[in-house]
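Here the structure comes first, spelled out in structure tokens, and everything after it is commentary.
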Amino acid sequence: MAKDGSIKRLAKEWTLMGSLTASGLPAAIYALQNSLLQISYRNLDSLTFSMLNQTKIIFTALFTYIILRQRQSIQQTGALFLLIMAAVLLSIGEGSSKASSTGDPEQILFYGIVPVLVASVLSGLASALCQWASQVKKHSSYLMTVEMSIVGSLCLLASTSKSPDGEAIRRHGFFYAWTPLTLIPVVANAVGGILVGLVTSLAGGVRKGFVIVSALLVTAMLQFLFEGKPPSVYCLVALPLVI
């Protein structure tokens, strides 16, 4: 922002109400979404999680139409139906396979599949709101990233007053059990947030979602390399549908 000379202009134009309207609501939604994703991480393998997480494209398309009145092309609509098929296949297949191995189908459904699907709904709504702010309100994507980080952090800090994580932080400290490797997802998410803001403002939430699907191939490869775990049959069938 300093390099492109927008800080001085934004300092004159910035208002608290405008900031809360453009960034406050999506930030609060993303904070709730991230909490749900943390629950889901623990109960699904990384590839299944990543594929189910792509259903956010469906809800992004829905909320983009409701908020911005943007219709999808025939090709995009067909792609969305393929994604729905993959999500249904994964939900049924992974739920049954994990249930047979763990004996607890409700654990997989209510603490793995449901949280990631609810998070996808929230992600679609937040993405459409961000696109509205950046394209209609012409809100700077860099500024919106900063504002959303601040508001999201405040929401999460407020939630720690009642959550088990908050109790653990008070007992052991914020950086308890951190290692240098912990910085990798933290920095990757920070850089990713800036890039997602730029892509959303230039290409829109739905196109952004379709492009991000390429990360599934990386997820499948890394899961095999680090965990030695090949994808399940359900994942192998669903993967080409999602791609």
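For all residues, glycine too, the Cβ spot is worked out from N, Cα and C.
Look at TrEMBL and you will find 47-68 (among others) tagged as transmembrane segment.
TrEMBL lists 80-96 (among others) with the feature transmembrane segment.
Residues annotated as transmembrane segment in TrEMBL: 108-130 (among others).
The transmembrane segment annotation in TrEMBL covers 142-161 (among others).
Sequence-distant contacts of the transmembrane segment (181-202) (same chain, at least 6 residues past either end, Cβ-Cβ under 8 Å): 127, 130-131, 134-135, 141-142, 144-145, 148-149, 208, 211. Residues annotated as transmembrane segment in TrEMBL: 181-202 (among others).
What TrEMBL lists as transmembrane segment is 209-226 (among others).
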Take the transmembrane segment (142-161) and find every residue of the same chain, 6 or more past its ends, with a Cβ under 8 Å from one of its Cβ atoms. 1, 6, 10, 14, 19-20, 22-24, 26-28, 30-32, 34-35, 130, 133-134, 169, 193-194, 197
